[in-house]
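> Would you mind keeping the following structure in view while I ask a few things?
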């Protein structure tokens with residue numbers, strides 16, 4: 001997010017309003033604990049301001065997940081799955097003569113209509129709980145005091161007893177000629193008013209692979225340009241299996257290259273772009289033409305232009321993230337932080353929601369419960385969905401030593417895929433067990449349909465201390481994908 005000083009001149013008008021410091025609470029942007037705090041009887045205000053992308057894209061209340069993250073991503077992933085289901089349906093006896101094609105505009109309109117209903121629901125919920133909402137950009141100007149600049153340039157000042165930072169992150173750009181002028185990010189994709197056409201996705205993050213996956217599933221020509229490895233931070237065996245599956249289903253991967261320039265060859269919706277890239281391992285160059293270039297190389301914390309230095313809040317200068325203690329408190333006692341901007345913590349919406357609720361209860365409800373950031377489940381919604389909980393195999397080896405681990409794994413074929421004869425021996429599951437702790441499961445990984453639904457239940461078991469013996473004793477639900485993790489037929493990968 002940009003500093004108000006970088007906004008147009010007409011955003012520099014000023015008026016003055018102050019809130020009493022006693023028993024009041026100021027929130028910078030939209031933390032997830034504000035409704036909890038209001039429920040506990042506190043006077044609450046929230047500032048929420050979305051600086052438009054270089055292409056002018058903005059959105060409503062609810063943060064990244066609701067507007068340009070989890071929600072639209074999962075819905076577009078579902079659109080792609082429905083396309084595959086249509087193909088499979090013929091093998092199950094469904095007959096249709098009409099040529100089936102996808103309409104991008106109808107999908108985007110439906111997705112945005114749903115997001116709009118969520119935005120309205122949040123506004124209504126804040127109103128019902130007497131939370132003051134202000135669509136303004138917040139910036140600290142002195143201890144306990146913040147300046148808020150709205151879209152019309154009107155400035156108000158507010159004081160509060162406690163502040164919570166939940167500014168989240170925004171997509172990072174490449175820093176090359178033409179990136180901000182001609183490329184899009186995930187902030188633009190989900191409301192893009194036209195079909196992106198032939199698309200180059202730059203990056204190998206989960207955002208990159210998820211977007212590439214559903215775009216290919218909708219029938220588009222998709223290429224992914226990868227600088228180094230897929231899904232950094234995730235289990236690399238699973239990551240490579242995801243990449244192999246995507247290649248099998250039409251996604252092209254250009255490995256070990258990075259873009260150096262993007263040029264516009266032709267205007268249009270979409271237009272035509274020329275991308276020049278260089279090898280990371282040699283003198284080779286690559287040139288290609290695409291209709292759309294989607295940059296998904298990571299995200300930066302929105303902390304550098306909100307006046308934190310004015311009140312002495314420390315950030316990690318390398319990544320802009322905020323160090324906190326185990327109660328989400330920064331080095332300034334009256335300032336807390338939650339969500340993706342926390343240094344060293346998971347960048348997951350449910351984690352932020354849980355941390356926010358527990359923070360409000362500790363501050364105002366007499367609770368002492370802290371957020372547990374260990375063994376948090378997550379799912380990557382690539383065409384072959386990837387659910388995980390606990391440690392990646394590489395991390396488990398680093399923490400416990402290879403000699404102290406047993407890894408059990410199994411390929412499986414979902415029953416639903418057998419009739420259309422699709423992707424045999426592609427779905428995969430493995431568990432990583434610590435031999436020094438009674439074969440306790442320290443890592444769970446699954447590739448297959450509905451991986452998120454499968455992983456959620458196993459995550460609860462892992463938090464309860466699941467062992468390989470208990471897993472073997474659990475009777476599976478037949479015929480499901482989840483039952484494969486309960487079988488004794490899992491093979492030992494190594495001792």
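Glycine too: its Cβ is placed from the backbone N, Cα and C atoms.
Any TrEMBL annotation is an automated prediction that lacks curation.
Pulled the feature table from TrEMBL, pasting it below:
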- 478: active site, proton acceptor (ACT_SITE)
- 74, 138, 340: FAD binding site (BINDING)
- 203, 204, 205, 206, 207, 208, 209, 210, 298: NAD(+) binding site (BINDING)
- 65-70: disulfide bond (DISULFID)
- 36-356: domain 'FAD/NAD(P)-binding' (DOMAIN)
- 376-485: domain 'Pyridine nucleotide-disulphide oxidoreductase dimerisation' (DOMAIN)
> Using the structure shown, find which entry in 65, 70, 209 (the recorded positions) has the sparsest Cβ neighbourhood within 10 Å.
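Relative to the other recorded positions in 65, 70, 209, 70 has the fewest Cβ atoms within 10 Å.
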> Which numbers of helix, strand and coil residues does DSSP report for the domain 'Pyridine nucleotide-disulphide oxidoreductase dimerisation' (376-485)?
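Within the domain 'Pyridine nucleotide-disulphide oxidoreductase dimerisation' (376-485) the tally stands at 41 helix, 33 strand, 36 coil.
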> Taking the Cβ of each of the recorded positions and counting other Cβ atoms inside 10 Å, which one has the highest number: 74, 478?
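Highest number of other Cβ atoms within 10 Å: 74.
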> Going by C-alpha positions, which of the recorded positions (138, 207, 478) is nearest residue 65 (disulfide bond)?
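Checking each of 138, 207, 478 against residue 65 (disulfide bond), the shortest Cα distance is to 207.
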> Where the record says 74, 138, 340 bind FAD, what is the longest distance in Å from one Cα to another among those residues?
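Between the outermost Cα atoms of 74, 138, 340, the distance is 31 Å.
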> Taking 10 A as the limit, how many CB atoms besides its own sit near the CB of residue 207 (NAD(+) binding site)?
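For residue 207 (NAD(+) binding site), the 10 Å Cβ neighbour count is 23.
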> Can you tell which of the binding-site residues 203, 205, 207, 298 lies nearest to residue 74 (FAD binding site) in space, using Cα positions?
207
> Just the number: how many Å between the Cα atoms of residue 205 (NAD(+) binding site) and residue 340 (FAD binding site)?
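Answer for this pair: 15 Å between alpha carbons.
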